[in-house]
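Annotated features, as they stand in TrEMBL:
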DOMAIN    28-500  domain 'Major facilitator superfamily (MFS) profile'
TRANSMEM  67-89  transmembrane segment
TRANSMEM  101-119  transmembrane segment
TRANSMEM  202-224  transmembrane segment
TRANSMEM  284-305  transmembrane segment
TRANSMEM  325-343  transmembrane segment
TRANSMEM  355-374  transmembrane segment
TRANSMEM  380-401  transmembrane segment
TRANSMEM  408-431  transmembrane segment
TRANSMEM  473-496  transmembrane segment
Amino acid sequence: MSNQVDEETPLLQPEEQHKIKTPLPWRQLSIILFLQLTEPITAQAIAPFAPQLIRDVGVTHGDESRVGYFVGIMYSVFYVAQALTTLQWNRLSDHVGRKPVILTGLFGISASMFLFGLSKTFGGLILSRVLCGALNGNSGVIKSMMIDVTDSSNIAQAFGFLPLPWMTGNTLGPLIGGSLSHPADRFPRLFGQSTFLKTHPYFLACAGPALFTALAWLVTYVLLQETVPTTTSLWSLIRNKCRTILTFAHTKPPQLDRSNSDTVQGSPDDSRPLPLSALMTPHVLVATLNYATLALFDIALRSLIPVFYATPVDMGGLGLDPPRIGNILAVFGIANGLFQVFFFARLHDRFGTKAVFTCAVASSVPTIIAFPIINMLSRTYGIGATVWLAVGLQLTISIALNMGYCSFFMPCIVVITDQSMIACGAMYIAAASPNRASLGATNGLAQTVAASVRIIGPASAMSMFSFSVRDPYYAWAVYYFMMVLALLAIGASFLLPRQMWKRVN
């Protein structure tokens, strides 16, 4: 770790305590990691064929410049639904338990993916994405469950394994989506006689992730153990909340039923969840702000890349088909995961948290500049070795952006070689949480804010891209917009302290 001394360094350093590391609960941990696969697989499966799907449903009426606009809307409605519900799902998990909420989320993902594959209209696509976002609060709940099964001696080791399912999912998702779209055309011997797959050319690409999620639901139901020590039935929770509302409405001054309501702010009982107002601490707000600005740029970039690849060369893109886009994204997923596993911790130990994070966010600048350069090379030399070299260089630089998640969320605890953005993010939120019983709500708050900015990211970036494509005079407008988002993330980073906060026990 960095030994730099500045105005934020405590005058009296605490004595180092050599704790015996608690063995990891491998049975529970392996199931949780398996469940984490569902999110990246389902999210990335639609990325390779999303632009072509928008063309096929006819919502653009043949106007290529509007493809990016509708792709952005399709991505954003998922985050609208998620932003409206994820905090409630995570708060609910503090009361009724993690397992029922995870089961509900897995059901929502599976059902929505089947619906997505069957949709023939833009309205059907929107409905399926709204359903997926509204029923899926699993991202924060799974992080809370991992914190539940660990302690301060082994949390870094446990969260260090999270890059594995994300790397695997980010690799398999694009491969599934790109390879299984239009199966009747790609595999005529197997599916050429199927009228259903000709009518629904994206069903197979969606059914694969949906069936995998259904399998994850079965594994959760049978094998996963609840980690919340004291749970309340949903009916009892609803009854208690109604009783509290009636008491508030008919009693002056309002009196809280402490036996049924949430623990009030300032209560010494750390075993019960705190109300939402008690979560608004400076630590949580600073962490959430940085998470939000970084997530805003990242989701805008990840939405822009496949649309840029699919747009014709003469309109500012590369003109690639879905299978090739899927292969590129899959290779990127592998390279990104391996880099985080083998190099992040060494860079962090050598240069320190703040330096690594600043460099990571700054890497967004050359990543953005590479877009018009790649298009210019493709116009001049065609899709050849020079263009592929430029694409590879751009994706390599963008790997550093994910390292920014790692360095931003890294607490001052044991650092191991396989941290990743999701792992460190969850540990940082854990450090900021007012008490352990409120981990679900704190994770939910961070996920809600992230989902809120992700509403803006895809829609705004794709709208700017469509505007750039429509009017050649403003061809670079989308890249100026992306540069503004990058500067917002860089500015927010100055609020981060050098010394991380102590994690709740």
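Yeah, the Cβs are placed from backbone N, Cα and C, and that goes for glycine too.
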Leading contact stretch, 67-89, 202-224, 284-305, 380-401, 473-496 vs the transmembrane segment (101-119) - CB distance under 8 Å | 202-224
In the same chain, who gets a Cβ under 8 Å from the transmembrane segment (325-343) while lying at least 6 residues past its ends?
-> 44, 47-49, 163-164, 166-179, 305-306, 309-310, 391, 395-396, 398-399, 402-403, 406, 417-421
Do at least three CB pairs under 8 A connect the transmembrane segment (67-89) and the transmembrane segment (355-374), leaving out pairs fewer than 6 apart in sequence?
-> no
Between 0 and 100, where does the mean pLDDT of the domain 'Major facilitator superfamily (MFS) profile' (28-500) sit?
-> 79
Which sequence positions outside the transmembrane segment (473-496), separated from its termini by at least 6 residues, show Cβ-Cβ distances below 8 Å to it?
-> 286, 289-290, 292-294, 296-297, 300-301, 304, 316, 354, 357-358, 361-362, 364-365, 368-369, 371-372, 408, 457, 460-461, 464-465, 467
So what's near the transmembrane segment (67-89) in sequence-distant terms, Cβ-Cβ under 8 Å and 6+ beyond its ends?
-> 50-51, 54-55, 59-60, 101, 104-105, 122, 125-126, 129-137, 139-141, 276, 299, 303, 307, 310-311, 441, 444-445, 447-448, 451-452, 454-463, 465-466, 469
